[in-house]
Amino acid sequence: MSASCLRLLTLSLFILGQCNVTAAQNGVDDEVTTVTAILDSATTAAADNSTVPTQSASNNNTSQSSKIPTIFGMRVELPADDPFGYDKHGVCSVTPEEEFKVVIYGNHLDKIHQIIWTFTNNCSEPAYVIDALNHFKVHFNHKATFHLTLKLLPEMVHAYKMCVKPKVAPGSPPLGEIYPLDDISTWLTTERPPKEYFLPLPLQIACIGFLLCLSALFSGLTLGLMSLTPQELELVIKSGAIKEQKCAAKILPVRKKGNLLLCSLLLGNVIVNSAISILMGELTTGIYALIGSTMGIVIFGEILPQSICVKKGLEVGAHTISITQLFIFLTFPIAWPVSKLLDCLLGDEYQAYDRKRLMELIKMSITDNGQVSNELKIAVGAMEIADKVVKDVMTKIEDVFMLPDTTVLNAKTVMEIVKMGYTRIPVYQYGDKNNVTDMLFVKDLALLDPDDNFTVKTVCGYHKHPVKFVMNDTPLPNLLEAFKKGEGHLAMVKRLINTDDKHDPSYVLVGVVTLEDIVEEILQAEINDEFDIVSDNVNKVKIKKEQNRDATKYFGDHEAPQTMISMQLQMVALQWLVSNERGFRQEFLDTNVLERLIRSSARRVDVSALMAMGDDAINVPRLAKVYTKDELSDKYILILEGRIQVTIGASGMMFEAGPWHHFGGEIMAKLVDGAATLGRSMSIVGTSELSARRPDLMFKPDYSAVVKEDCTYLEISVSAYINAYKASLMQRERPLNDLSDVSHNSSAHNSNLSLVEKPGPITDPSAMLVPENVRKPSVVSMDSPKILVGLGQHPVAPVAEEEEMALLDQP
């Protein structure tokens, strides 16, 4: 072969790369890995191997010399799972007792007779002999392959060396002695070279463990921190435990930069995982490296840390916030531009919960937290009313107790009304229940004499309680706002039945709705008291308890309630009030009405039945407190029996007030001065509602009054006085013909009137018509005349004292 061809072949082999690992090509099996050994110099190889035998080329003719086989290089192909290397001298190392493939390159390889492997310098001492006839495969005269299996080299032996024995043509002289090739690239050894690592083995193992910890940290923080939204962290800071607040405060500044934090954590996680794979591949190869790195990263770097950070993300994030900030700083040049791009594309990550989502979130929390389930139900109820309308909570009209305006309020009728247990009763005209015109409050009947036979129309005409109407599709929040503004706490519900544009709209009453119905929807529970007949207006679930509404003791003429004061004491109290307070005289209150007011306003406090009271006013039982310093009050107090202790001034001076001492004269003065404003238009619903509307009729005492011993006294509230005043007006202004007509027709009318029409409940029952026998007590006792006059005490008239003594002397 020409020198140019030789150089071309040598250059081609050099391009393959000296001792590089490549896949087998040109028919070589895919499972093998190629090791290429190239001669250091093609020219040197040609010179060294141009003549394999020891005879000189001058002893042969030119034709014979050109046919001598020449070896340029050798390549060893091993299985992929069989690693190989080179020892410190550059000799290729193979695994002993395992077959491998050898590829040799050169010229005139078809002229090779045998290839001999020896571990000495003498080719006549072969260790292995490869016969070209049986084991040799030549490709185009410049490439040949064969398979070889080597035993472990003996000790003190360095390598197997190759000897090439050429073929001898017939008639040619025999070859002389052959020697091993001196090129170490054609040598083989079975000694395994020591494995080289990037770092010392112990340090590399420690680095892998450290990187696994970082991988676990980044993976856990990516899930743990990113699952904590800034809103949740702010919520924890404001309402969480002290430890949680501290953790959230550390995380929040970093978490607000969400995309920057995400990019830094992901970038750090990728870098660490890549480093783990590289270092793990240095420790082992093949399937073992794959399994080791995968198991380490997946189990210790992903599954375990993420499962922990899902539940403990707040604590883990707070304790590792320094490491997180460090990696944000290290990855800032790359992470910051990416995070800004994400901010522009995706926008802010703040997400506000709408009402429905928040409501469903609370509902899910109810089943998980039994301790606060009631509070959560109330919250859900308050949010759900926005989706409800009046017809969802109203009491149907067929279950409403109503009265015609012609009903005569005699004793029997009043007792039946009280037995029904309703405090606000719709009143209709002309026998048409759709024509509700007024509202009768049972409290308006408290001071009426049943023998006067007033009609419902007359009573309603004086009080004129407004009647509120709402549509059945009115949202509950709108109705609640109306109730909050003081527009009553009960409304009649109507429904539009005529939708024709050509005619005026017409309506029909379909029910009644009260503030209690809305409160029940908010509380998600029924509110029952002693006057409820059903516990659910919609489903009509009846209450099984038996009601006791005996009203005869309040309206009977022969038997007074046990808590009422004696007749003699009533007469003396009436005379004292008329003599000493202008507001109780005939020009304001009728005598019969005043008598009923005294009977209904009598209170008795039995101190022996109360708890032992200390000197501290805070420990005084509620029933024993009459007045509290600097607290608004609407009560006028007159002591009949017993004593009340009064504490006055900044020094806490205490005095005792005895019988016929009174308190609250300021209220009576205001009522007398404002009698003209207590007309028909004022609707007296109750003490609390009146106080909210007319604070000008209240006073603020600069003293405290407490009952310290058994005491009987009159407690007349502003609302009770105004009711008595209106009752007196009705008796004075009632036309005579109305009295005669009512007296003439009362028996017939009552026989035909059925007050109880199987009524269902109106959902706002209130207290009994007459106050309880034992109510809030009062207290005072004084010896200083100046103090008594200052508190409004008046001496009892001598005539009153004589009459009282005379009455007491009677059997």
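Keep in mind that glycine also has a Cβ here, set from the backbone N, Cα and C atoms.
Going by Swiss-Prot, the topological domain containing Leu228 carries the same name as the one containing Gly313, and both residues are therefore on the same side of the membrane. Record note: of Asn60, Asn752, Swiss-Prot gives the feature N-linked glycosylation site to Asn752, with no matching annotation on the rest. Between the listed residues Asn49, Asn472, Swiss-Prot assigns N-linked glycosylation site to Asn49, with no corresponding entry for the rest in that record. Cross-referencing 285-305, 558-578, 600-620 with Swiss-Prot places the feature transmembrane segment at 285-305. Across the range of the topological domain 'Extracellular' (281-284), the DSSP-based residue counts are 3 helix, 0 strand, 1 coil. Counting every protein chain shown, the number of other Cβ atoms lying within 10 Å of the Cβ of Asn122 (N-linked glycosylation site) is 13. Looking only at the topological domain 'Extracellular' (337-811), the predicted model's pLDDT averages out at 72. Most Cβ neighbours within 10 Å among the glycosylation sites Asn435, Asn453: this distinction goes to Asn453.
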